[in-house]
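Below is one structure, written out as structure tokens, with a few remarks after it.
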Amino acid sequence: MATMNLPTGLHVAAKPASLDRLSSAKNVGDLFFSDSRHRKRVNTSNQIMAVQSLEHIHGVNNNVYANYVNFNVPSSGYSLGQESVYLNSPRKTKIVCTIGPSTSSREMIWKLAEAGMNVARLNMSHGDHASHQRTIDLVKEYNAQFEDKVIAIMLDTKGPEVISGDVPKPILLKEGQEFNFSIKRGVSTEDTVSVNYDDFINDVEAGDILLVDGGMMSLAVKSKTSDIVKCEVIDGGELKSRRHLNVRGKSATLPSITEKDWDDIKFGVNNQVDFYAVSFVKDAKVVHELKDYLKSCNADIHVIVKIESADSIPNLHSIISASDGAMVARGDLGAELPIEEVPLLQEDIIRRCQSMQKPVIVATNMLESMIDHPTPTRAEVSDISIAVREGADAVMLSGETAHGKYPLKAVKVMHIVALRTESSLQKSTSSPSQSAAYKSHMGEMFAFHSSSMANTLSTPIIVFTRTGSMAIILSHNRPSSTVFAFTNNERVKQRLALYHGVVPIYMEFSSDAEETFSRAIKLLLSKSLVKDGQYVTLVQSGAQPIWRRHSTHHIQVRKVQS
């Protein structure tokens, strides 16, 4: 059993006569108290805990207020240690939402942000520049209206997709049926449809397995001519217009960045988006090419590589090293590789990103059923929880928010599952990257000890950063508490919205250290992010001195005083 504490302000409805026994307690918010004859119990978000003692109980207007509640948590074989649980603790795992017809209005973007969206994704496979421009303008309007909140913008390139042609009506494919793909444009008959890629003929061989629409249908390649690939249907279904085609175990020989992608990238530069998510990256050369272009444009945009092709797997280390982060795009990854490999690759990619201090996003099918249904499957809930437990910086919604019927419910489900999972994770007084910290530069060593101190003392971390680098290093040390990152750079504030456990806040820095710290604390108090009398760990990186002319690293533990 581990002892935990709830903070001042815990409210339970009950009659004053029941102060000694909470037998008359009722459900209020997410907290429910009940009573047994010998032992009181507390249920927090369906977690049963045994109450040890209640301090400072008093009744006001027939309500009970508990300033402090001590209770035991069933530890399932491990000790959680002494900690303080704050009811308004921010969620650490970030949420990426794809904006589409269901969510492109001003009202919906505001509601998504309030429900928990941290990053707005623009899927360049759909829509045009005019529609995406409206979304960008609305997100920027939101950011300007709420200074203490931020939504980052991610532009996701279409990439080199092999797509079937248009059909006047869906073609029903049946098991055992012969069906053909032609490189001639405009072909559409009951047994043949065109593809948009001339080298498709050269990319496939007899014996290959073609997957249609992410694996919804599959066909075996039997033979080919100069312009037709002849197949036999293995798993049938309805073939509609413009369906994505994959060859299991192979990637198309198309370039990772197409002409359309370059047009979209230029559009992103002009609109100062925060991230590019680059589709079907096969090697680090593509990343270097894009970064060189961005440097020539003086564009401060970070590059997220989407790991979704078979060719990318042997080059994972170099691809992630060259990038600013990665996305586990499980849809095409599961189409090009055996499906049973996807969970293992997800874990491997997350682990690699953590070791390289790069953010990682887990994407595809996370709440797919909520496109049409108001509640998720239990497997989907488990999927989110696993991604959080494995250490993903962010989880992503695609069709759920782009064109789904219940976009807000999907975000709320993702928010509460991530928050609940985070609350169950074992708290540690050490950093997961201790060995790496001692092998690298001073900044990493400094962040490691800052995180360890904050974990030991159960304090939030306040970091002042110009470039965001110290906040990022702190994030990858995975401190148990929140990292409040104050920066005087709006672009840095936007970018930090993606990082695990980081709450970015814009603030002009003063030459007076005490004045800057005082203003930061005042802002956090006003938002109830810290409370009076609480201790905080204050961090300033010597690599980017804020108050001193010379480089100085320092860590302070201070008591919050309003």
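Here the Cβ of each residue, glycine as well, is placed from N, Cα and C on the backbone.
For the recorded site, T364 (substrate binding site), the DSSP three-state label reads coil. According to Swiss-Prot, the feature substrate binding site maps to R121, G331, D332, T364, an assignment based on similarity to another entry.
If you take the C-beta of T157 (K(+) binding site) and look for same-chain residues 6 or more apart in sequence within under 8 angstroms, you find M124, I257, D261, D264, I265, Y276, A277, V278, S279. Residues or ranges marked as K(+) binding site by Swiss-Prot on the basis of similarity to another entry: N123, S125, D156, T157.
Within the same chain, residues at least 6 positions away in sequence whose Cβ sits under 8 Å from that of N123 (K(+) binding site) are T98, G100, D156, S398, A402. The annotation ATP binding site is assigned in Swiss-Prot to N123, M124, S125, H126 on the grounds of similarity to another entry.
Within 10 Å of the C-beta of K306 (site 'Transition state stabilizer') there are 25 other C-beta atoms, taking all protein chains into account. Under the heading site 'Transition state stabilizer', Swiss-Prot lists K306.
Taking the Cβ of D332 (substrate binding site) as reference, residues of its chain lying under 8 Å away and at least six apart in sequence are, in sequence order, G214, H244, N246, F280, E308, S309. Look at Swiss-Prot and you will find E308, D332 tagged as Mg(2+) binding site.
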Once DSSP output is merged into helix, strand and coil, T157 (K(+) binding site) belongs to coil
Whole-number Å value for how far K306 (site 'Transition state stabilizer') lies from R121 (substrate binding site) (Cα to Cα)
13
The number of other Cβ atoms within 10 Å of the Cβ of T364 (substrate binding site), counted over all protein chains shown, is 21
Cβ neighbour count (within 10 Å, all chains shown) around S125 (K(+) binding site)
14
Given the ATP site residues N123, M124, S125, H126, which other residues of that chain have a Cβ within 8 Å of the mean position of their Cβ atoms, reported in sequence order?
L122, G127, D156, K158
Assigned element (helix, strand, coil) containing D332 (substrate binding site), judged by DSSP:
helix
